[in-house]
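Notes follow the structure.
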Amino acid sequence: MTDQSHQCVIIGIAGASASGKSLIASTLYRELREQVGDEHIGVIPEDSYYKDQSHLSMEERVKTNYDHPNAMDHSLLFQHLQALKRGSAIELPVYSYVEHTRMQETVRVEPKKVIILEGILLLTDARLREEMNFSIFVDTPLDICLMRRIKRDVNERGRSMDSVMAQYQKTVRPMFLQFIEPSKQYADIIVPCGGKNRIAIDILKAKISQFFE
């Protein structure tokens, strides 16, 4: 990586759906922001880069396999990471879990010293891995992930338990075994026990803090 004053550091956090990725990312962001300030660190969720499906009917949208790499616009994410590294702002897409598509509005993200990426499929794409300074895989047992996913999708995303279970059996678990779990081999750090692993979070904080020196 070129040593430039505006050059941002990219940290990837991957793992199964509901493994604790977002909790680790938000904890690192919150605690490091208190140390260095909001202008120096940010979080980008891979979910924002689900492909636009506005041209499809709602019936077609709900049939999309959202756990397959083809559901993601990784090309746009790759372009945005390169732009941030050049010191340019990006327009972050906004994805609606209710409408199952990308919204028209975007959120402007300014370059930061450290950007934390989090998402299930980040490590499946070699282009994204090349942009990361280091990567983390959150290794949580699938039965725990399923319980968390049911609670989250029913309470926060308006899903029925039957629909969550059907999706899990049809796509979530098979795609985890086919794509996500094998991508663990590319991680620099593997974190067991999900987002409440305080020892792992403290180690990651110490590692990331080095980039602010």
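Cβ atoms here come from the backbone N, Cα and C positions, even for glycine.
Going by Swiss-Prot, these are the annotated features:
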BINDING   GLY15, ALA16, SER17, ALA18, SER19, GLY20, LYS21, SER22  ATP binding site
Reading the DSSP string in three states, the entry for SER19 (ATP binding site) is coil
Checking the binding-site residues GLY15, GLY20 for other Cβ atoms within 10 Å of each Cβ, the smallest tally belongs to GLY20
Sparsest Cβ environment (other Cβ within 10 Å) among binding-site residues ALA18, LYS21 belongs to ALA18
Apart from the site residues GLY15, ALA16, SER17, ALA18, SER19, GLY20, LYS21, SER22, the 8 Å Cβ neighbourhood of the ATP centroid comprises ILE120, VAL138, THR140, CYS145, ARG148, GLY194, GLY195
